[in-house]
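According to TrEMBL, the active site, proton acceptor annotation covers 39, 275. Annotation comment: TrEMBL describes 137, 324 as substrate binding site. Per TrEMBL, the feature domain 'Alanine racemase C-terminal' maps to 254-383. Taken from TrEMBL, the feature N6-(pyridoxal phosphate)lysine covers 39.
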Ligand SMILES: *Cc1c(COP(=O)(O)O)cnc(C)c1O
């Protein structure tokens, strides 16, 4: 039985996360550890709570996108390693050594700036070198015809940096159906292995090695580097459920999203609903207003697209334009709808379920995008933590 908690709220199930961590561990070699990617407030789920749960489950290494996110985890009590995957601006360099964080050494130029700072302040800055094997985002470019291994060696040799790892990132690990994409991923892996071999050959210790994101784990589970870097998978879904994968794990979505009915009224034939008057009742309809809108993270692009939510374990269609704080649904035929009833926007109600994938398909994006947009004003509640 669903219980009301707010006008709109997000519920996260700790048991689901524990289960998903186990499923991931079952896929990967025993010697490989999980580096939990909890960036962007753990994909909107709440980074402090989720990271603490993961730490209790034995996860010792985390990755975030920014120094602010790393500081937030330290404050929450995360004592393990935290790798900042993104760029840290100069004015925040001091946090890197003060809080014992690992920085992405994302280019030779950037590593040199960090080294200079560390030299000046008599500190050591720790981090992992990023290798660009084809993503063309961050990292030292190491492609067949643009192979800058000398730059990698130079970073290892910078006096005031402690290079403790080497990593790269897949750009099409999700794509199995297109031969060219598969070959691309396999070649990214070969290039990464070549860099590792060259580093060893040069007498340097590469440190911890890691390559796979969630789709890297699902489609290339046999790779056995020191870490895998799953993000979205720990939360129980993939970026796009229409994409087939190589393995068959059973993940459980951790997130559910709810809101309350504020008002129900009869809208007579010919009357319109909402801004822009894009929906007009073809006959008398019972319309309920739900207390959640695009300022809460419901994509406005889902207006008038036939997107459905759940009420009393039945499907109800969103009608008219989604407003900033509210949306309207057609509840004709659903019995006893009243103010205070709970609407499920993501999750299970009785035998019915609305998935994040339905939303993503409706607005032509990926799940990662949508879950990150559930805004700060939606309170998060944690069950089984
Ligand atoms: C976001 C990110 C990940 C995790 O990606 P998922 O697809 O959520 O598993 C891993 N590595 C890097 C470098 C990332 O930016």
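Keep in mind that glycine also has a Cβ here, set from the backbone N, Cα and C atoms.
Small disclaimer: the values here were computed from a predicted structure and weren't measured.
Sequence features annotated in TrEMBL and their locations in the structure.
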{"residue": "39", "record": "active site, proton acceptor", "Cβ within 10 Å": "19"}
{"residue": "137", "record": "substrate binding site", "Cβ within 10 Å": "11"}
{"residue": "275", "record": "active site, proton acceptor", "Cβ within 10 Å": "12"}
{"residue": "324", "record": "substrate binding site", "Cβ within 10 Å": "12"}
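Taken together, the residues of the domain 'Alanine racemase C-terminal' (254-383) have an average pLDDT of 97.
For the pair formed by residue 324 (substrate binding site) and residue 39 (active site, proton acceptor), distance between Cα atoms is given as 26 Å, rounded to the nearest Å. The domain 'Alanine racemase C-terminal' (254-383): residue composition by secondary structure is 23 helix, 52 strand, 55 coil, according to DSSP. For the pair formed by residue 275 (active site, proton acceptor) and residue 137 (substrate binding site), distance between Cα atoms is given as 40 Å, rounded to the nearest Å. Reported as a whole number, the C-alpha separation between residue 137 (substrate binding site) and residue 39 (active site, proton acceptor) equals 17 Å.
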